[in-house]
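Colleague: Would you mind keeping the following structure in view while I ask a few things?
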Amino acid sequence: MILTSFGDDMWLLTTLLLWVPVGGEVVNATKAVITLQPPWVSIFQKENVTLWCEGPHLPGDSSTQWFINGTAVQISTPSYSIPEASFQDSGEYRCQIGSSMPSDPVQLQIHNDWLLLQASRRVLTEGEPLALRCHGWKNKLVYNVVFYRNGKSFQFSSDSEVAILKTNLSHSGIYHCSGTGRHRYTSAGVSITVKELFTTPVLRASVSSPFPEGSLVTLNCETNLLLQRPGLQLHFSFYVGSKILEYRNTSSEYHIARAEREDAGFYWCEVATEDSSVLKRSPELELQVLGPQSSAPVWFHILFYLSVGIMFSLNTVLYVKIHRLQREKKYNLEVPLVSEQGKKANSFQQVRSDGVYEEVTATASQTTPKEAPDGPRSSVGDCGPEQPEPLPPSDSTGAQTSQS
C-alpha cells in the first residue's frame with residue numbers, strides 16, 4: 001500500500017483525484033461523469049460543494065441535464081452548486097451532457113458530528129487512487145490523527161489527510177479515524193469497496209508437458225476482464241525464470257515455434273493496465289522437453305524387450321540342463337572303467353632282478369608301486385605302489401641253503 005500525507009494545502013490531492021471520476025469510470029465518448037470540488041462525497045452541514053458534469057458535446061452546446069434521486073431538475077449548466085448543504089441535499093446524483101449517456105450515480109451524504117472521515121468515493125476499481133480526510137466540525141484543527149481499517153490502525157498522520165495512490169482488493173473495508181482537538185474524538189465508520197478490474201492470470205500451454213523436441217507450443221495468458229472501461233487496454237508480458245521473452249504486448253499468446261531442450265523451464269506471465277496501475281502475475285508453469293525418440297510405437301519397445309528377456313531365460317535354462325547331463329554321462333562312464341582296472345591290478349606280481357617281489361596296481365589313469373618295508377624302493381614306470389616283501393622260504397629250504 002502506497003500512502004502519502006498532505007498538509008493543509010490540497011492542490012496535490014485535488015489534482016490526484018480529478019483525473020478519475022467519482023463513479024469510477026474514465027471519461028469516454030458515450031457516458032458522462034461527475035466530479036466534485038472539494039472531492040468528498042461526505043460533508044458537514046453548512047459546508048459547500050460543487051458537482052461538475054463532463055462528457056462529449058458539440059462545440060457551443062454544453063446543455064446539461066441533472067437528476068437527483070431519479071428526478072430531473074431545472075438546471076442546464078455543467079456545474080451544480082450546493083451552498084450550505086443540509087440533510088435534504090443528501091442523495092443520488094446523475095447528469096447527462098450533450099449527446100452523452102447518463103453518468104454513474106454519486107452518493108452525497110450530509111453529516112452532523114464532531115469528527116467526520118471523508119473519502120473521495122466509497123466504491124472504486126482497483127488501481128484507482130483513494131483520498132481520506134479526518135475532518136473536524138467547522139474546520140477545527142485535528143492533531144495526532146490515526147486512520148483505521150476494519151478496526152486496525154494503518155496510518156498515523158501529523159495532519160488530517162492521507163492518500164492511497166493505487167488501491168487493490170485488500171483496501172476494501174470499514175474505515176474510521178480518531179484525532180485530538182479539545183478532546184479525543186472518533187469518527188463513524190465508512191464502508192469502502194474496491195472492485196476487481198480483472199482476475200489473476202493463469203498461464204496455460206497448448207500441449208501437455210513433457211512434450212518431444214520440435215513441438216509447436218502456444219502459451220496463453222488467460223484472464224477475465226470484470227469491469228468494462230472504454231479505452232482500456234491490457235498488456236501481456238511473458239517470462240521464463242528471470243528472462244523476459246516478450247514485454248507488454250497486446251496479445252495474450254506467446255508461441256514457441258520449435259521447442260528444444262533449452263526451452264525447458266518455469267514460465268509465467270504478467271498482465272498490466274496501460275499505466276501499470278494494476279499489475280498481476282500468474283503462477284509458474286513448468287515445461288519439460290523430451291529428447292529425440294524412436295518413431296516406433298511404445299508397445300513395440302515393450303514387446304521387443306519382453307521377447308529378449310524370455311529368450312535369455314530359456315537359454316539359461318537349456319545351458320544348465322545340458323551341463324548337468326554332460327556331468328552325469330561322464331560319471332557313468334568313469335565308474336565301470338575304474339572298477340575293472342582295479343581288479344586286474346590286484347591279480348599279478350612282478351619279480352625284480354634282485355630277487356625282490358613287487359606287486360603292481362594299474363588303473364586307467366595311473367599306477368603306484370609299493371616296496372617292501374625293509375628293502376630298497378624301485379620305481380617301475382607308472383606302476384602302482386610296491387607290496388611288502390614276501391615271507392622267507394620254509395625251514396627246510398633254509399637248511400639246504402646253509403649246508404651248501
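Placed from the backbone N, Cα and C atoms, the Cβ positions cover glycine too.
Straight from Swiss-Prot, here's the annotation block:
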- 394-404: compositional bias 'Polar residues' (COMPBIAS)
- 201-286: domain 'Ig-like C2-type 3' (DOMAIN)
- Asn28: N-linked glycosylation site (CARBOHYD)
- Asn48: N-linked glycosylation site (CARBOHYD)
- Asn69: N-linked glycosylation site (CARBOHYD)
- Asn168: N-linked glycosylation site (CARBOHYD)
- Asn249: N-linked glycosylation site (CARBOHYD)
- Ser347: phosphoserine (MOD_RES)
- Thr368: phosphothreonine (MOD_RES)
- 346-404: region 'Disordered' (REGION)
- 1-24: signal peptide (SIGNAL)
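Locate each feature and note its surroundings.
Modeller: When DSSP labels each residue, the domain 'Ig-like C2-type 3' (201-286) comes out as 3 helix, 45 strand, 38 coil, counted as helix, strand and coil in that order.
In the three-state DSSP classification, Asn48 (N-linked glycosylation site) falls within coil.
Sequence-distant neighbours of Asn69 (N-linked glycosylation site) (same chain, six or more apart, CB under 8 Å from its CB) are Gly91, Glu92, listed in sequence order.
Secondary structure at Asn168 (N-linked glycosylation site), as computed by DSSP, is coil.
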Colleague: List the Cα distance (Å, whole number) between Asn48 (N-linked glycosylation site) and Asn249 (N-linked glycosylation site).
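Modeller: Between the alpha carbons of Asn48 (N-linked glycosylation site) and Asn249 (N-linked glycosylation site) there are 46 Å.
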Colleague: So among the glycosylation sites Asn48, Asn168, Asn249, who's got the most Cβ atoms within 10 Å?
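Modeller: The most densely surrounded of these glycosylation sites is Asn168.
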Colleague: Please report how many Å separate the Cα atom of Asn249 (N-linked glycosylation site) from that of Asn168 (N-linked glycosylation site), as a whole number.
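Modeller: About 23 Å separate the Cα atoms of these two residues.
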